[in-house]
Amino acid sequence: MMLVFLLIRRQWRSASVRREEVIRLIALATEESYLAEEVRPATVDYGGDSVSDVYRCAVCLYPTTTRCSQCKSVRYCSSKCQILHWRRGHKEECRSPDYDEEKEEYVQSDYDAKESNVDFPSRGTAYESSSNVSVDVACDMSTSRPSIHKVQPRSEAVDFTTSLNIKDNLYETRPLSRKKSRNRTDKVESASNYSKGKTDAKLRKLGNQNSRRSGDSANMSISDQFLSVGFEEEMNALKHERITSEPSSASAAMSSSSTLLLPSKANSKPKVSQASSSGLKTSVQKVVQHFRPPQSSKKSQPSSSIDEMSFSYELFVKLYCDRVELQPFGLVNLGNSCYANAVLQCLAFTRPLISYLIRGLHSKTCRKKSWCFVCEFEHLILKARGGESPLSPIKILSKLQKIGKHLGPGKEEDAHEFLRCAVDTMQSVFLKEAPAAGPFAEETTLVGLTFGGYLHSKIKCMACLHKSERPELMMDLTVEIDGDIGSLEEALAQFTAYEVLDGENRYFCGRCKSYQKAKKKLMILEGPNILTVVLKRFQSDNFGKLSKPIHFPELLDISPYMSDPNHGDHPVYSLYAVVVHLDAMSTLFSGHYVCYIKTLDGDWFKIDDSNVFPVQLETVLLEGAYMLLYARDSPRPVSKNGGRKSKQRRNLAAIPSRKGNKKQRDGDNNSLLPRVDWSSGSLSSMFSSSDTTSSCSTKDSSGIENLSDYLFGGVEPVWKWDRHNKSQTFD
């Protein structure tokens with residue numbers, strides 16, 4: 001009996017459950033049918049100064065806070081309304097919003113637009129169109145030149161009228177706040193408040209009741225269908241954004257069927273009117289977004305180059321053009337220090353440096369409490385200007401290892417190597433005192449503005465025919481003089497000629513993902529203010545020296561060796577210093593350095609350590625020069641290539657004509673260059689210390705393991721290497 005009773009009770013309960021489910025489904029179907037026939041959009045009147053923040057159910061318009069768990073854009077008061085709305089078609093348009101990590105916003109799209117007329121004020125427009133839209137702009141501005149303007153408080157009014165036509169099925173995207181998503185139906189109000197350059201635009205989805213809002217209001221009449229409009233965050237940040245103003249009578253082609261007018265006056269009230277047919281869904285907010293200035297961050301906008309400069313360009317021009325009197329002076333040889341004496345003499349007569357040091361601009365601001373190369377050099381120059389000669393550079397040479405780790409007192413070293421170490425040391429000092437940081441700041445110190453220039457490198461893979469080009473920072477030029485080369489012009493012509501990279505010198509092609517035969521060409525992109533040319537007289541294979549005469553001019557025109565010879569900038573350089581290596585056996589293990597210096601009066605002097613002799617220009621031009629220093633007639637403007645991440649930086653060494661030298665390969669960067677970060681703190685040398693074999697060196701600087709890879713200047717440290725640098729194609 002008990003078993004029968006339990007079985008009957010179970011069947012009775014099952015029947016009751018089925019009966020309740022049938023009743024619920026009947027009621028739900030009845031409600032759905034009733035709502036489909038009876039629900040009509042209502043007109044909402046605006047009044048007062050506030051708006052209700054109550055969210056409305058998308059079906060019955062009852063106040064609620066529950067929203068769709070997937071799309072986050074609609075709200076429901078109960079599961080019945082959610083099921084009903086899902087069956088009506090929400091399942092076709094419901095999708096998860098896309099999250100943009102950079103902007104920290106959700107982007108949602110699934111709305112259609114048709115026939116909307118919107119008038120609202122604006123001072124500028126930025127266009128982001130997706131499809132089938134036509135924008136016509138008529139601007140009345142103070143200038144017709146396209147430019148980028150920054151919206152500022154109380155800016156001058158810009159009069160323009162914009163016509164926007166939008167057809168059906170316009171698919172657009174809009175940002176939705178992660179924290180705020182407000183929906184209203186049947187009524188839209190758009191208000192824009194312009195106070196001190198701020199723009200406030202809020203478009204909301206309104207329900208079937210009265211709402212209030214502060215500021216200027218606009219009425220919209222809606223019939224035959226719901227109007228879906230999402231909540232938009234305030235646009236007060238527009239005063240920090242840049243907007244693009246199109247020139248007069250500009251137009252962009254997009255198709256459409258409704259008009260959007262933007263009056264020029266900021267005080268005009270927005271007027272919104274809309275007529276929609278059955279099945280229409282639109283979002284006025286998305287229309288407005290076509291006319292919103294693009295949001296920009298400080299990281300994405302390039303900051304002013306003047307703000308990033310380490311050294312004032314105006315001060316640099318004054319120092320470069322300043323005629324400071326300094327008579328030639330001698331330096332005492334402290335034991336195999338002729339190489340250092342010759343280099344210090346050349347630096348002492350380099351115009352920007354000499355003016356900077358004589359005026360005492362460094363010592364007044366130097367923060368170093370210990371030994372400082374620039375301070376000691378300044379002290380030496382001030383003594384020379386006082387008429388003392390010869391002078392002892394003991395305070396500089398006693399700290400040679402602080403200038404170059406491999407340098408030491410009493411050792412015979414290479415003059416070019418010491419020049420690079422000295423310039424590197426000065427650069428590190430100026431960087432520590434620089435008010436700015438970054439690659440462009442490194443290139444705009446006093447040293448960077450003085451010696452820095454740019455090369456244009458082009459490489460073509462012979463396998464896939466892929467071409468790449470990149471600008472490279474240069475600090476000096478090392479050119480080969482072997483073979484039939486008899487003049488500086490011929491050496492520069494060979495330097496800028498095509499070279500085949502084959503064998504051990506093959507180029508790593510990023511497209512082929514392997515080492516391939518390639519053709520390479522280097523040209524001068526921007527000439528430096530002080531051009532240092534090193535004639536490679538020392539041979540790495542037999543430790544010999546090329547003692548043949550090389551003709552070099554007093555005035556050097558580098559336009560034939562520039563990547564754009566038709567460019568308006570045709571710099572002419574004047575010779576002002578020459579370093580000569582004298583030897584008896586034509587070897588790099590012995591010899592003596594002397595230098596020739598030209599004063600501001602145009603007089604030439606030969607300086608041999610402590611001895612100073614006046615000479616004629618003809619005598620200088622007949623010498624077997626090792627290093628040539630040329631000064632540009634007028635300083636060049638700040639480089640347009642400075643600080644770019646897509647740019648390679650290197651201290652320059654030359655590309656030789658010989659094909660048997662080993663190159664350092666770098667497969668990750670499609671390059672043969674080394675990677676050394678200048679900002680790492682271990683500034684061994686800004687230049688390559690090994691691409692030219694020392695003429696007076698010991699085993700510390702002349703060993704075969706230290707000889708250069710001549711193709712890209714060996715394994716010298718570079719200013720700032722970008723590991724993720726990408727090649728740029730060119731025609």
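The count begins at 1 with the first shown residue.
Just so you know, glycine gets a Cβ as well, placed from its N, Cα and C.
Sequence annotations record features per position, and here Swiss-Prot assigns zinc finger to 57-94 based on sequence analysis.
Cβ neighbour count for CYS94 (Zn(2+) 2 binding site): 17 (other Cβ atoms within 10 Å of its Cβ, all protein chains included). Following the DSSP three-state reduction, the secondary structure of CYS94 (Zn(2+) 2 binding site) is coil. Feature annotation from Swiss-Prot assigns Zn(2+) 2 binding site to CYS68, CYS71, HIS90, CYS94; the stated evidence is sequence analysis.
The region 'Disordered' annotation in Swiss-Prot covers 171-219 (among others).
According to Swiss-Prot, the feature compositional bias 'Polar residues' maps to 207-219 (among others).
Residues annotated as region 'Disordered' in Swiss-Prot: 262-281 (among others).
The compositional bias 'Polar residues' annotation in Swiss-Prot covers 265-281 (among others).
Residues or ranges marked as domain 'USP' in Swiss-Prot: 329-633.
Taken from Swiss-Prot, the feature active site, nucleophile applies to CYS338. The number of other CB atoms found within 10 A of the CB of CYS338 (active site, nucleophile), across every protein chain shown, is 24.
As annotated by Swiss-Prot, active site, proton acceptor applies to HIS592.
As annotated by Swiss-Prot, region 'Disordered' applies to 637-702 (among others).
Among the features that Swiss-Prot reports, compositional bias 'Low complexity' is placed at 677-701.
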**Study point:** Nearest recorded site to CYS338 (active site, nucleophile) by CA-CA distance, among recorded positions CYS68, CYS71, HIS90, CYS94, HIS592
**Key:** HIS592
Revision key, fill the gap. Given the Zn(2+) 2 site CYS68, CYS71, HIS90, CYS94, its other Cβ neighbours within 8 Å of the Cβ centroid, in chain order, are GLN70, SER73, VAL74, HIS85, TRP86, LYS91, GLU93, ARG95
Review point. Given HIS592 (active site, proton acceptor) and CYS68 (Zn(2+) 2 binding site), what distance in Å do their CA atoms have, once rounded to a whole number?
Key: 86
Review point. Taking the Cβ of HIS90 (Zn(2+) 2 binding site) as the centre, how many other Cβ atoms fall within a 10 Å radius?
Key: 21
